[in-house]
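Trainee: The structure follows.
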């Protein structure tokens, strides 16, 4: 099966809000704690080994990486790799810069269609994961959680982790969050949930009504 995400390449790096590219294509951002497997997940979803890089020192990378999707000269969309969060050794000034950059990007970027939030399936919905959800909540845009590294859990533990996450996300709906909140199990090592994630991401990037119009032509 061919996926749009397989046509991905590095586009640019952003260190400050003023450097955000003046692009019009839809964007999907990838967020998650340091060591949650974000870079690995991006690479396997894009069918590449070294598209997204994990810092040798977790949490040290404090910039945003853009990847274009589709034709090189006429991208269909962009994937946006946000800095990993939650690593204790990051200096206070770097944390403050990261928080300002991410919260403003998440709340004001009009091109952003949704967030893919990576959580280690063994430790889902940490306080910092919840902060990411709460930063994004005012936009009303969808959040899809990938519970990574589920290969490290038994089948029953995986089911329990997914149920616990879905229950936690349901609390935001009860509190009035308007965006769609979904979750799935994911393992890059065992290739669990890859097709499911592909289909959801591409449905955000290419709305079904456009696909139906193209098919009719």
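Using the three backbone atoms N, Cα and C, a Cβ is placed for every residue, glycine included.
Look at Swiss-Prot and you will find 24-207 tagged as domain 'EngB-type G', backed by sequence analysis. Look at Swiss-Prot and you will find 32-39, 59-63, 81-84, 148-151, 185-188 tagged as GTP binding site, backed by sequence analysis. The Mg(2+) binding site annotation in Swiss-Prot covers 39, 61.
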Trainee: For the domain 'EngB-type G' (24-207), what is the mean per-residue pLDDT, to the nearest integer?
Mentor: 90
Trainee: Fewest other CB within 10 angstroms, which one of the binding-site residues 32, 39, 151, 188?
Mentor: 151
Trainee: List every residue in the same chain as residue 63 (GTP binding site), at least 6 positions away in sequence, whose Cβ is under 8 Å from its Cβ.
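Mentor: The list for residue 63 (GTP binding site) reads 13, 14, 15, 83, given in order along the sequence.
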Trainee: Just how many other Cβ atoms lie inside 10 Å of the Cβ on residue 84 (GTP binding site)?
Mentor: 26
Trainee: Within its own chain, what residues at least 6 apart in sequence put their Cβ under 8 Å from the Cβ of residue 36 (GTP binding site), listed in sequence order?
Mentor: 84, 118, 119, 120, 148, 149
Trainee: How long is the line from the C-alpha of residue 188 (GTP binding site) to the C-alpha of residue 39 (Mg(2+) binding site), rounded to the nearest angstrom?
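Mentor: Per the Cα atoms, residue 188 (GTP binding site) and residue 39 (Mg(2+) binding site) stand 10 Å apart.
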Trainee: Reported as an integer number of Å, what is the Cα distance between residue 151 (GTP binding site) and residue 39 (Mg(2+) binding site)?
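Mentor: Answer for this pair: 17 Å between alpha carbons.
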Trainee: How big is the gap, in Å, between the Cα of residue 39 (Mg(2+) binding site) and that of residue 32 (GTP binding site), rounded to a whole number?
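Mentor: Distance between the two Cα atoms comes out at 10 Å.
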